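Taking it in order: structure first as structure tokens, then the write-up.
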């Protein structure tokens, strides 16, 4: 009679229930071997040739994989992938520099220097190291807080006499001093982020990323995308004001834009809307026909080249006042030391940025590692990104992580290993010289909504902390009920 209640595809397991005492007796639990202090120190601190080589290869993974590199099978794909990804990374670096509130040329530096160290220290074969919009926005919020436009106002020289006036119309921004201070803040924060990541890697705390659940990361990323959109409204509308009000929160920014909407530059608005439409349309084509197109269409590169050519030929800057990047300085900026006096003001933001940058990078790395059947060392990734940020921060770069779009391009164009980084070096050097649905009222949905709203209203730093606290609260509530 009982068989009729079971389906033929069911699988049933019958096990005995034990108490701890009965289980230990049944399995004859062995007593723990007691070792003397000398024996424990000898086993822990002993150093053999094999152990030393293993530790060195663990700290410098390139010594392990480079001698085994299959040149004939992987080199052609790595060359194509490296050149393509390098060009995309340069263009994204220039754009993401606006999110970090620094001059565009520093985006090129951020696309170059971090790759040098990750090539030696990293364990992922596929991720593309460089600027990431979320971390750039977190850096930008700190930069705007510590170096706002109001600190660099100076009086305008009228008829050869320097008159100190209070009328805002006769004040201008000392752009050179502002840019110097802003990149100093960004570089100091980048070095501090790197120090946090190296320290966490040495302390083996890579497990922290486990506490960033998918809903929390999804809500945070969505809120960050919203911040990116709001922060770029002024760039698209570009109203010509001598003093531009900056704020890390969205509501004051929207109010500021609404008050000055009548000063919108039509040429910039049309260019911005056309770019958004074309890029989104081609992205959809790449997704829909990804199995038929051997290589995704590099629409960012195409749009940049065409738009630059049109702007130069038609002289949009002179005719319509369109904003342009102008020429970028050639060569590299000299190395600089971070400003220790700023550390107290950026300590909390640097730690949250270090965690977010690592969480995003290691999540993407593990996805491609599982796809291509190899492993990624989370603690070594912390050290690799930490050293990359320390090195890059000393050469006028801002925080580096990875971007899913660049990594997807890198993998889809045939990249097999970090050898492609050498080709990306060439591209960058030349430039210098998932949808998941949740039920409506599930805890995952609440975490996503809480993190997203908190990050939008309170800012990215506080929003991430609020989302993490809310996530922990849901765990406590579910376990106690």
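Positions of Cβ are set from backbone N, Cα and C atoms, glycine also.
The annotation domain 'SLC26A/SulP transporter' is assigned in TrEMBL to 76-465. The transmembrane segment annotation in TrEMBL covers 105-122, 129-147, 183-203, 215-233, 266-285, 340-361, 382-404, 446-470.
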May I ask you to check whether the transmembrane segment (340-361) and the transmembrane segment (129-147) make contact, with contact taken as at least three Cβ pairs under 8 Å and only pairs 6 or more apart in sequence counted? yes
Can you work out whether the transmembrane segment (105-122) touches the transmembrane segment (382-404), with the criterion being 3+ CB pairs under 8 Å where the paired residues are 6 or more apart along the chain? yes
Average pLDDT across the domain 'SLC26A/SulP transporter' (76-465)? 75
